[in-house]
Amino acid sequence: MSKPFVPTPNISRPATPSSLDYGKDEASSTLLRDMGERGDRERKDREERDKKEAMPSGQDQVLPILSYCAASIMMTVVNKYVVSGANFTMTFLLLAIQSSVCVLAVTTVKKLGFISFRDFDKNDAKAWWPISTLLVAVIYTGSKALQFLSIPVYTIFKNLTIILIAYGEVFMFNGAVSGLTLCSFALMVGSSIIAAWSDITSVWNKEPELDPITGLEITVGPVSTIGGLNAGYIWMALNCFVSAAYVLFMRKRIKVTGFKDWDSMYYNNLLSIPILVVFSLVIEDWGSESLALNFPASNRVLLLSAMAFSGAAAVFISYSTAWCVRITGSTTYSMVGALNKLPVAASGILFFGDPANFGNISAIAVGGVAGVVYAVAKTNQAKVEKARQARAAGGRP
């Protein structure tokens with residue numbers, strides 16, 4: 001008779017508390033090791049981020065600042081050279097060439113992978129069309145003003161646009177104008193009066209020219225004067241108002257479209273081309289005689305090259321501006337922009353023989369001080385606004 005089945009007893013040692021603790025210790029050490037590695041990675045990422053966000057040294061800031069200043073001077077000088085021809089009247093054609101070159105340049109740079117912006121979209125174009133039209137008016141009136149005014153006077157009067165923009169922001173965006181800002185505005189107006197004083201007094205003190213036969217006053221004057229005053233001041237006033245409208249309405253439209261800097265530049269130039277071409281064909285004289293006067297054979301190649309170069313320079317200005325803001329910060333950039341008006345104004349004296357008299361020099365100096373005071377005022381205002389927002393959010397200023 002067979003024996004009943006009896007399971008073989010387990011003669012192995014049961015798990016001891018020490019072996020269980022060993023497994024727990026191994027899991028804990030793995031967890032701690034993972035946490036340590038993750039902490040090391042986070043610390044390295046934080047160090048790299050802090051390194052990127054740290055303000056570059058003064059030596060690192062020199063190149064972007066010089067690039068921004070050089071781009072501003074170069075653009076002003078080239079435009080002044082192009083429009084200063086004795087018989088140049090085809091401003092719309094000039095602007096069309098500049099815009100075409102600019103679009104070609106940014107498209108090429110985009111394909112090379114250096115920048116990125118939106119592809120063309122009909123809805124975006126429809127929304128941005130009024131802004132491009134305003135830009136055409138800004139550039140055209142600015143070119144006409146630069147045609148009749150010296151670079152120092154043009155640069156100084158351009159400051160008046162800041163006043164119009166500031167008060168436009170008060171009405172459209174609930175902005176505010178501080179006392180220091182008002183001081184800068186007073187200096188801007190004063191510098192403009194100093195710059196234009198010689199022309200103003202010449203109009204007041206000018207004796208009427210009489211016809212030797214009839215003895216009557218001769219009222220026919222050169223095309224460059226309106227009411228005896230340099231026509232450039234009329235164009236400059238129009239430019240200031242249109243420039244302020246362009247900046248204010250573009251700010252509102254950017255909120256709708258969500259455009260970035262390169263998007264704005266691309267659409268501005270692309271949409272302005274058909275407007276400029278139509279105005280050039282309708283208004284400007286395309287006859288052979290007019291073309292010969294506007295583009296004389298003696299410097300035709302140089303003139304056309306300067307037009308194309310100025311279009312490409314617009315891309316350089318946009319890049320150098322973004323580079324300067326990124327490296328130096330908005331405060332330093334605003335100060336550089338204020339002080340940069342001095343070499344831009346001085347370029348007219350150096351390259352175009354504008355008189356270096358007491359009126360011009362003092363106007364440039366007062367305008368430079370006005371720009372610095374305005375930059376300081378805007379910086380202080382930004383700090384106050386940031387502190388106010390921090391208090392509203394419940395944080396510490």
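Glycine residues also receive a Cβ, built from the backbone N, Cα and C atoms like all the rest.
These come from Swiss-Prot:
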- 9-19: compositional bias 'Polar residues' (COMPBIAS)
- 34-54: compositional bias 'Basic and acidic residues' (COMPBIAS)
- Asn87: N-linked glycosylation site (CARBOHYD)
- 1-57: region 'Disordered' (REGION)
- 1-61: topological domain 'Cytoplasmic' (TOPO_DOM)
- 83-87: topological domain 'Lumenal' (TOPO_DOM)
- 109-124: topological domain 'Cytoplasmic' (TOPO_DOM)
- 169-174: topological domain 'Cytoplasmic' (TOPO_DOM)
- 198-228: topological domain 'Lumenal' (TOPO_DOM)
- 250-272: topological domain 'Cytoplasmic' (TOPO_DOM)
- 294-300: topological domain 'Lumenal' (TOPO_DOM)
- 322-332: topological domain 'Cytoplasmic' (TOPO_DOM)
- 377-397: topological domain 'Cytoplasmic' (TOPO_DOM)
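Counting residue by residue with DSSP, the topological domain 'Cytoplasmic' (169-174) contains 5 helix, 0 strand, 1 coil. For Asn87 (N-linked glycosylation site), the same-chain residues that are 6 or more apart in sequence and have a Cβ closer than 8 Å to its Cβ are Leu293, Asn294, Pro296. Sequence-distant contacts of the topological domain 'Lumenal' (83-87) (same chain, at least 6 residues past either end, Cβ-Cβ under 8 Å): 94, 143-144, 146-147, 293-294, 296, 303, 352. Summarised by DSSP class, the composition of the topological domain 'Lumenal' (83-87) is 1 helix, 0 strand, 4 coil. Looking just at the topological domain 'Cytoplasmic' (377-397), the mean pLDDT is 77.
Break the topological domain 'Cytoplasmic' (250-272) down by DSSP state and the numbers are 20 helix, 0 strand, 3 coil.
If you look at the topological domain 'Cytoplasmic' (169-174), the same-chain residues 6 or more away from its ends with a CB under 8 A from one of its CBs are 248, 251-252.
Residue counts for the topological domain 'Cytoplasmic' (377-397) by DSSP state, with H, G and I taken as helix and E and B as strand, are 16 helix, 0 strand, 5 coil.
Same-chain neighbours of the topological domain 'Lumenal' (294-300): 85, 87-90, counting only residues six or more beyond its ends whose CB sits under 8 Å from a CB of the stretch.
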